[in-house]
Amino acid sequence: MIFFHDDFDLLFDFLMFKASFKYYKSKSPPPCLKEVLDIDQTKELLEKSVLKQIHIICQDKLWKTFGMKSPENWEVFELIDHPGLIYIKNPYTNSGQKYWVIRSLRDFSKTPNKRNIDALGIVSENWWESAKNDKKTLMMLRWTTLGYHHNWDTKIYSEDNKGKFPEDLKNMTKFIAGLLGFEDFSAEAAIVNYYHMDSTLSGHSDQSEQYLEAPLFSFSFGQSAIFLLGGITEEEKPTAMFLKSGDIIVMSGKSRLSYHGVPKIVQTELKLGDEIGDENCNQNALCMDEDNWKPFSDYIAHSRINVNVRQVLRKGLLKLDDQI
Ligand SMILES: O=C(O)CCC(=O)C(=O)O
Ligand SMILES: [Fe+2]
(Lines of atoms letter the chains of each structure in order from A and count residues from 1; the text may use other names and numbers.)
(Lines give C-alpha, C1' and ligand atoms only; values in the text may rest on other atoms or scores of the structure.)
(Ligands and ions follow the chains in the order given, each with its own letter.)
Protein backbone atom coordinates (compact mmCIF):
# COMPACT_ATOMS: atom_id res chain seq x y z
CA MET A 1 0.00 0.00 0.00
CA ILE A 2 1.25 3.51 -0.82
CA PHE A 3 0.70 6.22 1.76
CA PHE A 4 0.69 9.82 0.68
CA HIS A 5 2.16 12.32 3.06
CA ASP A 6 -1.23 13.49 4.41
CA ASP A 7 -2.58 9.96 4.88
CA PHE A 8 0.50 9.06 6.81
CA ASP A 9 0.11 12.09 9.07
CA LEU A 10 -3.49 11.11 9.64
CA LEU A 11 -2.60 7.54 10.45
CA PHE A 12 0.09 8.65 12.86
CA ASP A 13 -2.25 11.20 14.39
CA PHE A 14 -4.82 8.53 15.02
CA LEU A 15 -2.47 6.65 17.28
CA MET A 16 -2.85 9.37 19.85
CA PHE A 17 -5.41 10.29 22.46
CA LYS A 18 -5.66 13.93 21.42
CA ALA A 19 -6.40 13.11 17.79
CA SER A 20 -9.20 10.74 18.76
CA PHE A 21 -10.59 13.34 21.16
CA LYS A 22 -10.57 15.92 18.40
CA TYR A 23 -12.28 13.51 16.02
CA TYR A 24 -15.19 12.76 18.37
CA LYS A 25 -15.50 16.35 19.53
CA SER A 26 -15.82 17.73 16.01
CA LYS A 27 -19.15 19.36 15.18
CA SER A 28 -18.44 19.76 11.52
CA PRO A 29 -18.05 17.21 10.19
CA PRO A 30 -19.73 15.19 12.97
CA PRO A 31 -17.93 11.94 13.91
CA CYS A 32 -18.99 8.52 12.73
CA LEU A 33 -20.08 6.59 15.84
CA LYS A 34 -19.81 3.12 14.28
CA GLU A 35 -16.62 2.28 16.18
CA VAL A 36 -17.96 3.40 19.55
CA LEU A 37 -18.33 0.39 21.82
CA ASP A 38 -21.97 -0.04 22.74
CA ILE A 39 -22.53 -2.35 25.67
CA ASP A 40 -26.03 -3.11 24.38
CA GLN A 41 -24.36 -5.15 21.60
CA THR A 42 -23.32 -7.62 24.29
CA LYS A 43 -23.49 -10.83 22.26
CA GLU A 44 -21.38 -9.46 19.44
CA LEU A 45 -18.80 -7.92 21.80
CA LEU A 46 -18.45 -11.19 23.70
CA GLU A 47 -18.07 -13.15 20.45
CA LYS A 48 -15.46 -10.71 19.17
CA SER A 49 -13.57 -11.02 22.48
CA VAL A 50 -13.87 -7.32 23.20
CA LEU A 51 -15.52 -8.10 26.54
CA LYS A 52 -15.48 -10.95 28.97
CA GLN A 53 -18.26 -11.54 31.44
CA ILE A 54 -17.63 -11.33 35.17
CA HIS A 55 -19.84 -13.43 37.42
CA ILE A 56 -20.67 -12.01 40.79
CA ILE A 57 -22.19 -13.58 43.86
CA CYS A 58 -24.26 -11.62 46.33
CA GLN A 59 -25.43 -12.83 49.71
CA ASP A 60 -27.25 -9.83 51.12
CA LYS A 61 -30.17 -7.66 50.12
CA LEU A 62 -28.56 -4.23 50.51
CA TRP A 63 -29.00 -3.46 46.80
CA LYS A 64 -32.66 -2.65 47.45
CA THR A 65 -31.76 0.35 49.55
CA PHE A 66 -29.57 1.78 46.77
CA GLY A 67 -32.29 1.63 44.11
CA MET A 68 -30.61 -1.26 42.31
CA LYS A 69 -31.77 -4.51 40.75
CA SER A 70 -30.73 -7.80 42.29
CA PRO A 71 -27.03 -8.41 41.45
CA GLU A 72 -27.86 -11.85 40.10
CA ASN A 73 -29.38 -9.97 37.15
CA TRP A 74 -26.50 -7.52 36.67
CA GLU A 75 -24.44 -7.67 33.50
CA VAL A 76 -20.82 -7.14 34.44
CA PHE A 77 -17.91 -7.18 31.99
CA GLU A 78 -14.20 -6.52 31.78
CA LEU A 79 -12.68 -4.97 28.64
CA ILE A 80 -10.17 -7.47 27.32
CA ASP A 81 -7.88 -4.78 25.84
CA HIS A 82 -8.06 -2.74 29.06
CA PRO A 83 -7.53 -5.16 31.96
CA GLY A 84 -9.09 -3.78 35.14
CA LEU A 85 -11.73 -1.70 33.35
CA ILE A 86 -14.99 -3.10 34.65
CA TYR A 87 -18.30 -2.12 33.08
CA ILE A 88 -21.59 -2.66 34.89
CA LYS A 89 -24.49 -2.18 32.53
CA ASN A 90 -27.15 -0.03 34.21
CA PRO A 91 -27.99 -2.03 37.38
CA TYR A 92 -30.56 0.51 38.64
CA THR A 93 -34.32 0.46 38.73
CA ASN A 94 -35.86 3.56 37.14
CA SER A 95 -36.73 4.98 40.53
CA GLY A 96 -33.20 4.19 41.69
CA GLN A 97 -31.83 6.32 38.85
CA LYS A 98 -34.25 9.08 39.78
CA TYR A 99 -33.07 8.92 43.36
CA TRP A 100 -29.39 9.49 42.38
CA VAL A 101 -30.32 12.23 39.90
CA ILE A 102 -32.22 14.03 42.67
CA ARG A 103 -29.36 13.56 45.14
CA SER A 104 -26.86 14.93 42.60
CA LEU A 105 -28.90 17.96 41.61
CA ARG A 106 -30.72 18.94 44.79
CA ASP A 107 -28.33 17.80 47.53
CA PHE A 108 -24.75 17.28 46.33
CA SER A 109 -24.91 20.79 44.86
CA LYS A 110 -25.45 22.48 48.25
CA THR A 111 -22.78 24.14 50.34
CA PRO A 112 -20.62 23.26 52.26
CA ASN A 113 -19.78 21.03 49.29
CA LYS A 114 -17.46 22.96 46.98
CA ARG A 115 -18.79 24.04 43.60
CA ASN A 116 -17.48 25.85 40.53
CA ILE A 117 -20.26 28.42 41.02
CA ASP A 118 -18.79 29.52 44.40
CA ALA A 119 -16.15 31.52 42.54
CA LEU A 120 -18.87 33.40 40.67
CA GLY A 121 -20.29 34.63 43.97
CA ILE A 122 -23.82 35.05 42.68
CA VAL A 123 -25.43 31.73 43.47
CA SER A 124 -26.78 30.90 46.90
CA GLU A 125 -26.14 27.90 49.14
CA ASN A 126 -29.08 26.06 47.64
CA TRP A 127 -28.28 26.09 43.93
CA TRP A 128 -31.15 23.83 42.87
CA GLU A 129 -33.79 26.10 44.42
CA SER A 130 -32.51 29.09 42.48
CA ALA A 131 -31.71 27.11 39.33
CA LYS A 132 -34.73 24.94 38.69
CA ASN A 133 -36.73 27.79 37.21
CA ASP A 134 -33.83 29.76 35.78
CA LYS A 135 -32.01 28.30 32.78
CA LYS A 136 -28.99 30.58 33.11
CA THR A 137 -28.30 29.50 36.70
CA LEU A 138 -29.08 25.89 35.74
CA MET A 139 -26.35 25.89 33.11
CA MET A 140 -23.74 27.37 35.46
CA LEU A 141 -23.09 24.35 37.65
CA ARG A 142 -20.23 22.27 36.21
CA TRP A 143 -18.88 20.42 39.23
CA THR A 144 -19.16 19.89 42.94
CA THR A 145 -16.71 18.06 45.19
CA LEU A 146 -17.58 15.92 48.23
CA GLY A 147 -15.45 14.55 51.08
CA TYR A 148 -11.80 15.41 50.52
CA HIS A 149 -12.17 18.28 48.05
CA HIS A 150 -10.26 18.00 44.82
CA ASN A 151 -7.95 20.99 44.51
CA TRP A 152 -8.06 21.91 40.82
CA ASP A 153 -4.87 23.98 40.99
CA THR A 154 -2.48 22.01 43.17
CA LYS A 155 -4.16 18.61 42.74
CA ILE A 156 -3.24 17.94 46.37
CA TYR A 157 -5.80 16.79 48.94
CA SER A 158 -5.58 18.34 52.37
CA GLU A 159 -7.02 17.65 55.86
CA ASP A 160 -7.98 21.34 55.96
CA ASN A 161 -10.08 21.05 52.86
CA LYS A 162 -12.59 18.29 53.40
CA GLY A 163 -16.29 17.93 54.11
CA LYS A 164 -18.62 15.10 55.05
CA PHE A 165 -18.95 12.37 52.45
CA PRO A 166 -22.63 11.41 51.84
CA GLU A 167 -23.47 8.15 53.69
CA ASP A 168 -25.70 6.70 50.95
CA LEU A 169 -23.08 7.22 48.23
CA LYS A 170 -20.38 5.81 50.49
CA ASN A 171 -22.43 2.72 51.29
CA MET A 172 -23.52 2.08 47.71
CA THR A 173 -19.95 2.33 46.43
CA LYS A 174 -18.69 0.05 49.19
CA PHE A 175 -21.40 -2.48 48.36
CA ILE A 176 -20.44 -2.57 44.66
CA ALA A 177 -16.74 -2.66 45.53
CA GLY A 178 -17.35 -5.67 47.80
CA LEU A 179 -19.16 -7.56 45.02
CA LEU A 180 -16.18 -7.01 42.71
CA GLY A 181 -13.66 -8.21 45.30
CA PHE A 182 -12.45 -4.79 46.54
CA GLU A 183 -13.61 -5.40 50.11
CA ASP A 184 -11.33 -2.75 51.64
CA PHE A 185 -12.56 0.11 49.48
CA SER A 186 -13.55 3.27 51.30
CA ALA A 187 -15.22 6.18 49.46
CA GLU A 188 -13.53 9.37 50.66
CA ALA A 189 -13.73 11.87 47.79
CA ALA A 190 -15.99 12.50 44.83
CA ILE A 191 -16.23 14.87 41.93
CA VAL A 192 -19.73 15.28 40.58
CA ASN A 193 -19.51 16.48 36.97
CA TYR A 194 -22.48 18.18 35.30
CA TYR A 195 -22.34 18.17 31.49
CA HIS A 196 -24.56 19.96 29.00
CA MET A 197 -24.87 18.95 25.36
CA ASP A 198 -21.77 20.93 24.32
CA SER A 199 -19.61 20.08 27.34
CA THR A 200 -16.43 18.06 27.13
CA LEU A 201 -13.84 16.84 29.63
CA SER A 202 -10.32 16.76 28.27
CA GLY A 203 -7.98 13.81 28.59
CA HIS A 204 -6.34 13.22 31.95
CA SER A 205 -5.26 10.56 34.41
CA ASP A 206 -6.50 10.72 38.02
CA GLN A 207 -3.52 10.38 40.30
CA SER A 208 -3.99 12.84 43.14
CA GLU A 209 -5.08 10.10 45.55
CA GLN A 210 -2.44 8.77 47.94
CA TYR A 211 -3.60 5.18 47.49
CA LEU A 212 -3.66 4.52 43.76
CA GLU A 213 -4.15 0.79 44.26
CA ALA A 214 -7.80 1.48 45.15
CA PRO A 215 -10.21 1.49 42.21
CA LEU A 216 -12.17 4.52 41.00
CA PHE A 217 -15.96 4.26 40.56
CA SER A 218 -17.82 6.28 37.95
CA PHE A 219 -21.63 6.55 37.89
CA SER A 220 -23.41 8.09 34.89
CA PHE A 221 -26.96 9.45 34.73
CA GLY A 222 -28.90 11.35 32.09
CA GLN A 223 -27.63 11.89 28.56
CA SER A 224 -25.01 9.50 27.11
CA ALA A 225 -21.32 10.24 26.91
CA ILE A 226 -18.71 9.13 24.47
CA PHE A 227 -15.97 8.13 26.86
CA LEU A 228 -12.41 7.63 25.65
CA LEU A 229 -10.24 5.20 27.53
CA GLY A 230 -6.59 5.23 26.57
CA GLY A 231 -3.47 3.69 28.03
CA ILE A 232 -0.92 4.91 30.50
CA THR A 233 0.38 7.57 28.08
CA GLU A 234 -1.28 9.90 25.61
CA GLU A 235 0.40 8.05 22.78
CA GLU A 236 -1.90 5.03 22.85
CA LYS A 237 -5.04 4.93 20.75
CA PRO A 238 -8.05 5.07 23.09
CA THR A 239 -11.14 2.90 22.99
CA ALA A 240 -14.32 4.93 22.52
CA MET A 241 -17.37 3.70 24.41
CA PHE A 242 -20.84 4.92 25.24
CA LEU A 243 -21.65 5.54 28.89
CA LYS A 244 -25.43 5.59 29.20
CA SER A 245 -27.76 6.51 32.01
CA GLY A 246 -27.29 4.14 34.94
CA ASP A 247 -24.02 2.64 33.67
CA ILE A 248 -21.14 2.23 36.10
CA ILE A 249 -17.48 1.83 35.21
CA VAL A 250 -14.74 0.89 37.59
CA MET A 251 -11.15 1.80 36.80
CA SER A 252 -9.02 -0.71 38.66
CA GLY A 253 -5.66 -2.47 38.40
CA LYS A 254 -3.84 -1.70 35.15
CA SER A 255 -6.63 0.70 34.07
CA ARG A 256 -6.66 2.79 37.24
CA LEU A 257 -4.22 5.34 35.86
CA SER A 258 -5.31 5.16 32.23
CA TYR A 259 -5.78 8.34 30.27
CA HIS A 260 -9.47 9.15 29.77
CA GLY A 261 -11.84 11.94 28.77
CA VAL A 262 -15.27 12.84 27.40
CA PRO A 263 -15.18 14.44 23.92
CA LYS A 264 -18.92 14.39 23.32
CA ILE A 265 -22.37 14.12 24.87
CA VAL A 266 -24.90 12.36 22.69
CA GLN A 267 -28.62 13.14 22.75
CA THR A 268 -30.76 10.15 23.68
CA GLU A 269 -34.37 9.74 24.61
CA LEU A 270 -34.61 8.90 28.28
CA LYS A 271 -37.64 7.21 29.67
CA LEU A 272 -37.46 6.79 33.41
CA GLY A 273 -41.03 5.72 33.93
CA ASP A 274 -42.21 3.90 37.02
CA GLU A 275 -41.76 0.18 36.76
CA ILE A 276 -44.57 -2.02 37.91
CA GLY A 277 -43.76 -3.43 41.30
CA ASP A 278 -40.75 -1.15 41.76
CA GLU A 279 -41.00 -0.13 45.38
CA ASN A 280 -37.33 0.58 45.78
CA CYS A 281 -37.35 4.31 45.62
CA ASN A 282 -35.91 5.73 48.83
CA GLN A 283 -37.96 8.86 48.34
CA ASN A 284 -41.16 7.35 47.11
CA ALA A 285 -43.26 10.47 47.20
CA LEU A 286 -40.75 12.49 45.20
CA CYS A 287 -39.95 9.82 42.63
CA MET A 288 -43.50 8.80 41.96
CA ASP A 289 -44.99 12.26 41.82
CA GLU A 290 -44.65 13.45 38.24
CA ASP A 291 -44.90 17.14 39.18
CA ASN A 292 -41.99 16.89 41.58
CA TRP A 293 -39.90 14.84 39.18
CA LYS A 294 -40.51 17.15 36.20
CA PRO A 295 -37.69 19.72 36.75
CA PHE A 296 -35.19 16.88 37.27
CA SER A 297 -36.50 15.09 34.21
CA ASP A 298 -36.20 18.31 32.16
CA TYR A 299 -32.62 18.71 33.34
CA ILE A 300 -31.45 15.22 32.34
CA ALA A 301 -33.23 15.51 28.98
CA HIS A 302 -30.35 17.86 28.03
CA SER A 303 -27.59 17.11 30.52
CA ARG A 304 -25.44 14.35 31.92
CA ILE A 305 -24.32 13.79 35.49
CA ASN A 306 -21.21 11.79 36.38
CA VAL A 307 -20.43 10.93 39.99
CA ASN A 308 -16.77 9.99 40.25
CA VAL A 309 -15.86 8.33 43.56
CA ARG A 310 -12.36 7.72 44.89
CA GLN A 311 -10.50 6.42 47.91
CA VAL A 312 -7.83 8.91 48.95
CA LEU A 313 -6.14 7.42 52.01
CA ARG A 314 -3.72 4.55 52.13
CA LYS A 315 -5.24 1.32 53.36
CA GLY A 316 -5.87 1.42 57.11
CA LEU A 317 -5.05 5.14 57.54
CA LEU A 318 -7.55 7.62 58.96
CA LYS A 319 -5.92 10.75 57.66
CA LEU A 320 -3.57 11.93 54.98
CA ASP A 321 -0.01 10.79 55.28
CA ASP A 322 2.11 13.94 55.64
CA GLN A 323 5.24 12.09 54.54
CA ILE A 324 4.13 12.22 50.93
O1 LIG B 1 -17.61 12.08 33.15
C2 LIG B 1 -16.94 11.06 33.11
O3 LIG B 1 -17.37 9.99 32.67
C4 LIG B 1 -15.51 11.08 33.59
C5 LIG B 1 -15.23 12.05 34.70
C6 LIG B 1 -13.80 12.00 35.13
O7 LIG B 1 -12.97 11.46 34.47
C8 LIG B 1 -13.36 12.64 36.38
O9 LIG B 1 -14.18 13.25 37.10
O10 LIG B 1 -12.18 12.53 36.72
FE1 LIG C 1 -11.12 11.25 35.50
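Heads up, the Cβ atoms here are built off N, Cα and C, so glycines get one too.
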### Message
Suppose a student reads TrEMBL and sees H204, D206 listed for Fe cation. Which of H196, H260 should they find annotated at that same site?
### Response
H260
### Query
Including all protein chains shown, what's the count of other C-beta atoms within 10 A of the C-beta of H204 (Fe cation binding site)?
12
### Message
Quick check: which same-chain residues outside H204, D206, H260 lie with their CB within 8 A of the centre of the Fe cation site CB atoms?
### Response
G203, S205, S258, Y259, G261
## Note on the structure
Same-chain residues at least 6 positions away from H260 (Fe cation binding site) with a Cβ under 8 Å from its Cβ, in sequence order, are G203, H204, S205, F227, L228, L229, G230, P238, M251
### Task
Using DSSP, tally how many residues of the domain 'Fe2OG dioxygenase' (186-313) sit in helix, strand and coil.
19 helix, 49 strand, 60 coil
#### Entry: Chain-internal residues near D206 (Fe cation binding site), provided their CB is under 8 angstroms and they sit 6+ positions away
L216, M251, L257, N308, R310
